[in-house]
Amino acid sequence: MELDFGHFDERDKTSRNMRGSRMNGLPSPTHSAHCSFYRTRTLQALSNEKKAKKVRFYRNGDRYFKGIVYAVSSDRFRSFDALLADLTRSLSDNINLPQGVRYIYTIDGSRKIGSMDELEEGESYVCSSDNFFKKVEYTKNVNPNWSVNVKTSANMKAPQSLASSNSAQARENKDFVRPKLVTIIRSGVKPRKAVRVLLNKKTAHSFEQVLTDITEAIKLETGVVKKLYTLDGKQVTCLHDFFGDDDVFIACGPEKFRYAQDDFSLDENECRVMKGNPSATAGPKASPTPQKTSAKSPGPMRRSKSPADSGNDQDANGTSSSQLSTPKSKQSPISTPTSPGSLRKHKDLYLPLSLDDSDSLGDSM
C-alpha cells in the first residue's frame, strides 16, 4: 500500500515562505527590490572609494615648478603617510623641500590637509617641509584645462583672469620699477639684523613676492614678514612705495608693532650697513700712513744732497751715510756706549731723524 505525501511537502514550503516574508514585514532579501538597491549602493560606495582622484601637487615656494599630477586612491596608497613618502621621492629637492614632504596645504594656504579623504578631484595642493606656507602664484605656469572636472575648470577661469589683469597691471606699472638697493632692518631689540635687497624688474614682480623674498632674507623669529615701515613710521602698502625716496625699511611680523622712537633710530652698525662695506670707510684712513712714510723716506736723501751749515751736521751726515751703507756700524756705538766717540755717534744717530721730522712737518704744513 503506497502513501502519497506530496501535498505535505508543498504545504511546508508555503508555510516557510510565509514565515520568512512576515518576519520583518518585508519580502525576502533574496527576492526583494530592497536587496538589489542595497547591493547597488554598496557597489557604488566601493567604486567611489577605489576611484582615483586626479590632483596636482606643487613645491612650497617654487614659482617656476609646473606641478605634478597624481592619481590618489586607497588601492595605491594605504595611508596618508604612504602618500607623503611617495611625494617625497617625486618632489624632494635641497632648496624648496630639504626635509621631504611633511605637510600638504590647499592652493591658497588656508587649510592643511590631514588625510586622503580631504583631497578633492581636480584640485591643486602645495607640499611643504615645514609648517610655513609661502604665498606664490603656483597656477601661473599651468594650463587650466588639465583637469577633466567641469567644476574645477570653471573655477580655474577666475585665477586666469586675475593673472591676466595682474600681468596687464604689471605692464602698465613697469615705468616706476628701476634698479634700487634697499636696506631691510628686523624689528625688535638692538642689535638688529639688517640685510640689503636688490629690487629691479626681474626681482620685483609684485608686492607679495617682494615680501616673500624679504621673509627668506631677514628670517624673523615670528615667521612671515607682514608689515614694512619707513623710518618716518609710514607703512608700505604697495610695490610703488619701495621706489620712493626711502631706502631703509623696518620689517615686522604678525606681532603688534610698537611705535617707539627708538625703533626708528639707527645705531652705528646699522648705519654702516646702510653705507655698504665697512672696509670701504676704513680705506681712506689707512691711506695717509704710506704717504707719511713716503714723505719721510726721501728725507735723509734730501739732507745728504744739501750742504750742511756746521761741521756737526757734516759729521752727522757722514755717520748717517756710513750707517746706511754698512749696517754693522750701527752696532759699534751701542756695543761701547761709555766711549766719547760712541756718545757722539749715538747723539748724531737721532739728529737726522729729528730734523727730518721738522722738515716733514714743515712740508705738510
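Please read every residue number as a count from 1 along the shown chain.
Cβ from N, Cα, C; glycine included.
Small disclaimer: the values here were computed from a predicted structure and weren't measured.
What Swiss-Prot lists as region 'Disordered' is 11-31 (among others).
Feature annotation from Swiss-Prot assigns phosphoserine to SER28 (among others); the stated evidence is similarity to another entry.
Residues annotated as phosphoserine in Swiss-Prot: SER47 (among others).
According to Swiss-Prot, the feature domain 'Doublecortin 1' maps to 53-139.
Taking the Cβ of TYR70 (phosphotyrosine) as reference, residues of its chain lying under 8 Å away and at least six apart in sequence are, in sequence order, LYS54, VAL55, ARG56, PHE57, LEU87. Feature annotation from Swiss-Prot assigns phosphotyrosine to TYR70; the stated evidence is sequence analysis.
According to Swiss-Prot, the feature phosphoserine maps to SER110 (among others). Sequence-distant neighbours of SER110 (phosphoserine) (same chain, 6+ apart, CB under 8 A from its CB) do not exist here. Secondary structure at SER110 (phosphoserine), as computed by DSSP, is coil.
Positions annotated as phosphoserine by Swiss-Prot: SER115 (among others). Annotation note: SER115 (phosphoserine) sits in a coil segment as assigned by DSSP. Same-chain residues at least 6 positions away in sequence with a Cβ under 8 Å from that of SER115 (phosphoserine) are, in sequence order, PHE80.
The domain 'Doublecortin 2' annotation in Swiss-Prot covers 180-263. Mean pLDDT across the domain 'Doublecortin 2' (180-263) comes to 80 in this model.
Annotation source Swiss-Prot lists region 'Disordered' at 275-365 (among others).
Annotation comment: Swiss-Prot describes SER297 (among others) as phosphoserine, evidence class similarity to another entry.
Under the heading phosphoserine, Swiss-Prot lists SER306 (among others).
As annotated by Swiss-Prot, phosphoserine applies to SER306 (among others).
Residues or ranges marked as compositional bias 'Polar residues' by Swiss-Prot: 307-341.
As annotated by Swiss-Prot, phosphoserine applies to SER332 (among others), with the evidence given as sequence analysis.
If you look up Swiss-Prot, you'll see SER332 (among others) marked as phosphoserine, on the strength of similarity to another entry.
According to Swiss-Prot, the phosphoserine annotation covers SER339 (among others).
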